[in-house]
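Residues or ranges marked as signal peptide in Swiss-Prot: 1-24. Annotation comment: Swiss-Prot describes 31-81, 40-64, 56-77 as disulfide bond. Annotated domain 'BPTI/Kunitz inhibitor' per Swiss-Prot: 31-81, in sequence order, evidence recorded as sequence analysis.
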């Protein structure tokens, strides 16, 4: 296989992995915990996964503490927990 064909194959496999939704049984347990703003007073834009609505939602993170259901972007949240 040529290097161009191999590169195309790797790109397609990566795209497929990014677009494949996370099923609820494969979803990490931390995706099911409620958002925790943390104990500090910063106003950081963050995202958490809401299992009832089955989507990522923006919230204000305090900047420290909190839990694992806390993502810097909606895309990062979707990759980890699905949508």
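For all residues, glycine too, the Cβ spot is worked out from N, Cα and C.
Note: the Cα of residue 77 (disulfide bond) and the Cα of residue 64 (disulfide bond) are spaced 18 Å from each other. Ranking the disulfide-bonded residues 40, 56, 64 by Cα distance from residue 81 (disulfide bond) puts 56 first. The C-beta environment of residue 56 (disulfide bond), restricted to residues of the same chain at least 6 apart in sequence and closer than 8 Å, consists of 47, 48, 49, 50, 71, 74, 77, 78, 81, 83.
Cα to Cα, residue 64 (disulfide bond) and residue 31 (disulfide bond) are separated by 18 Å. When the alpha carbons of residue 40 (disulfide bond) and residue 31 (disulfide bond) are compared, the span between them is 22 angstrom. Under a cutoff of 8 A between CB atoms, and with a sequence separation of 6+ in the same chain, the neighbours of residue 31 (disulfide bond) are 49, 51, 69, 80, 81, 82.
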